[in-house]
Amino acid sequence: MEAATLSRIGLAGLAVMGQNLALNIAEKGFPISVYNRTTSKVDETLDRARFEGGLPMAGHYSPRDFVLSLERPRSVIILVKAGPPVDQTIAALCDHMEAGDTIIDGGNEWYENTERRIHELAGKGILYLGMGVSGGEEGARHGPSLMPGGSYAAYQNIEDIVKKVAAQVEDGPCVTYIGEGGSGNFVKMVHNGIEYGDMQLISEAYDVLKNVGGLSNSELAEIFSEWNRGELESFLIEITADIFRVRDESGEGELVDKILDKTGMKGTGKWTVQQAAELSVAAPTIAASLDCRYLSGLKEEREAAAAALREAGLKEEVGDISSGIDKKRLIDDVRQALYASKICSYAQGMNLLRAKSMEKGWNLNLGEMARIWKGGCIIRAVFLDRIKKAYQRNPHLASLVVDPEFAREMVQRQAAWRRVVGLAISAGISTPGMCASLAYFDTYRRARLPANLVQAQRDLFGAHTYERIDRPGSFHTEWTKLARK
């Protein structure tokens, strides 16, 4: 083909995310070729490109024609389901690619799969990136947060494109070269884990305000809108306010009340908790949010349990507590509890990134991770700028909880936080995310824990030994013999 007709980049996989990212790239002035195994998806994407402004896009119906339509060195983004479909797509494309070309996987892939593919493709001279893409359909179309990791040469091949395509914030585009290997996928996985925690904490705030405070959906919409103008300003708080305003078109009242209370999941939250366990990093808020999704799936069992425990004499405490509540104070307390809990959730995610970075030698810049999450992505929030600055002040910060600014805020909010958790427990309303965050804070801030007793127990039944606070070395005691002398 004539050089003038070649596309700057290609994208294979035209489901919702793929279509929208392709249109975003074209809109930024980069001619793009698109391909999908289902040919109707190619036609649909081309129709959108014409309708949305005659964007520079070419459609192709075979892997060969698609690859040959690209400028050298060729760069192809693939957006297909994680796992075997990625390997199948790579195999189909590689038959027509050559050394120096680049493949970028934009899916939610397990980071070790990306590291395997980097190694396999290196034998053919093909460069590879695993690139986390966050922001959903809207972000993909108008500016996502992008987390590319793998070959730095591959990143350089697409740097001009991703910097224009990514969401733009005051200190630059929401993309950076993350690091080597599967680091981009790992960072996106932890982003999703933080997202799990964030969503759980917001749902708990809603539960307390609705069931203890007795607030209507219209009142909740106003409260969340107000919160979105302050320290809690974020994408998730903003959309939550919108959700409370939507009426049910096929019945009375608001739609949110008609939704079945069973939460779906794709697996990245589970991976985050598994990695935290493997790296010995405490992530209780994220783990609590995952447990809640599992429990939400037991809808029939929960209904049966509610009936059985009612029959056994369990009484609802919510009504008695609600009658004497100061709504204004409750709203303010919940705001403060939500903020403090969220900081703990982000702290856990950042500590997980740091631990993995040390294990793998990725040299992740945690301040830069916070910066690229400021726009485009699901967990974007105004306090991410302050998280960025905390890590700029101290790149070796042990936890966000001990950054001087955040430490002051946690201390100022702990009384309100404890009131909300205590009130929820008294009312029989589960707040596992807030409780986990508070327990994390209380455990982390204590210079001495009851772990001395646990260690003594381990030594008694398993001769695991223990250390002492007053002299060096490992010790073992015949506890039972001495106790029963």
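In case you wondered, yes, glycine gets a Cβ from its N, Cα and C as well.
TrEMBL entries are annotated by machine, without manual review.
Taking a C-beta cut-off of under 8 angstroms and a sequence separation of 6 or more, Lys188 (active site, proton acceptor) has the following same-chain neighbours: Asn108, Gly132, Val133, Ser134, Met147, Thr268. Here TrEMBL flags Lys188 as active site, proton acceptor.
Feature annotation from TrEMBL assigns active site, proton donor to Glu195. Sequence-distant neighbours of Glu195 (active site, proton donor) (same chain, 6+ apart, CB under 8 A from its CB) are Leu236, Gly269, Ile378, Ile379.
Here TrEMBL flags Gly13, Leu14, Ala15, Val16, Met17, Gly18, Asn36, Arg37, Thr38, Val80, Lys81, Ala82, Asn108 as NADP(+) binding site. In the structure as shown, the Cβ atom of Lys81 (NADP(+) binding site) sits within 10 Å of 13 other Cβ atoms.
The substrate binding site annotation in TrEMBL covers Asn108, Ser134, Gly135, Gly136, His191, Asn192, Tyr196, Lys266, Arg293, Arg458, His464. Cβ neighbours within 10 Å of Arg293 (substrate binding site), excluding its own Cβ and spanning all shown chains: 17.
Residues annotated as domain '6-phosphogluconate dehydrogenase C-terminal' in TrEMBL: 184-480.
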Using C-alpha atoms only, work out the spacing between Lys81 (NADP(+) binding site) and Tyr196 (substrate binding site) and round it to an integer in Å. 21
Among residues Asn108, Ser134, Gly135, Gly136, His191, Asn192, Tyr196, Lys266, Arg293, Arg458, His464 annotated as binding substrate, what is the maximum Cα-Cα distance? Answer in Å. 49
Name, in the order they occur in the sequence, the residues of the same chain whose CB lies under 8 A from the CB of Gly135 (substrate binding site) and which sit 6 or more residues away. Gly143, Pro144, Ser145, Ala167, Gly376, Cys377, Ile378
Tyr196 (substrate binding site) versus binding-site residues Gly13, Ala15, Met17, Asn36, Thr38 - nearest by Cα: Met17
Cα-Cα, whole number of Å: His191 (substrate binding site) versus Met17 (NADP(+) binding site)? 18
Only counting partners 6 or more residues apart, tell me which same-chain residues put their Cβ under 8 Å from the Cβ of Asn36 (NADP(+) binding site). Ala12, Gly13, Leu14, Gly18, Val42, Thr45
At a 10 A cut-off on CB-CB distances, which of the binding-site residues His191, His464 has the highest count? His191
